[in-house]
Amino acid sequence: MRLSLLLLLPLLGAWAIPGGFGDEASLTATAPELDDEEKFSTHIPTHLRCDACRAVAYQMWQHLTKAEAKLLPLDSGGRRELSESVYTDVLDQSCSQTWQGYGVGEVDQVKRLMGPGLSTGAQPSIMVMIMEGLWPTRLSKTCFHYLGEFGEDQIYEAHQQGRGTLEALLCGGPRGACSEKAPDTRTEL
């Protein structure tokens, strides 16, 4: 039964994280019910913006770190430093990627964006995640938005100070996507 669940879920556009296969208890999981905004809107829904921002920060950090690791010479501080043209290209590539592995799941009855770089604490023994739809396009647009808002230079400087600093730049602050009072830029018609 568990094997058939693992084989069936990818066909439905979702995947599961199984618990221990030696467990005798049965596991059940349901896909999160997405509303029309989550299914069809071209923007990231407000309640998922913090997760999206954190995913973007992680991907930028990951791409820049990999590019720096390819450099041989170290600067006087023992760090590898990318040239402006290289980090500009790397950041553009991080936004242009396919954004595979991201989707929406439900943790404690709360919908969350999930994927690489996004930790939601203790994970249930089985989970269904919806990965199809507009999520890759939305994440790419969000990434390019932050690239335009902060600029490559400021993003690379934050990256050099660490992943937390980069995430704080993009997502923190009083108007950041992860602030308590993040602005809702949409207006009702």
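For all residues, glycine too, the Cβ spot is worked out from N, Cα and C.
Features of the protein shown, as given by Swiss-Prot:
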- 1-16: signal peptide (SIGNAL)
- Cys50-Cys178: disulfide bond (DISULFID)
- Cys53-Cys171: disulfide bond (DISULFID)
- Cys95-Cys143: disulfide bond (DISULFID)
- 186-189: motif 'Prevents secretion from ER' (MOTIF)
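Long-range Cβ neighbours of Cys178 (disulfide bond) (same chain, at least 6 residues apart, Cβ-Cβ under 8 Å): Cys50, Cys53, Arg54, Cys171, Gly172. The secondary structure of Cys53 (disulfide bond), as reduced to three states from DSSP, is helical. Within 10 Å of its Cβ, the residue among the disulfide-bonded residues Cys53, Cys95, Cys143 with the fewest other Cβ atoms is Cys95.
Around Cys50 (disulfide bond), taking its Cβ as the centre, 19 other Cβ atoms fall within 10 Å, counting all chains. For Cys171 (disulfide bond), the Cβ neighbour count at a 10 Å cut-off comes to 21, with all displayed protein chains included.
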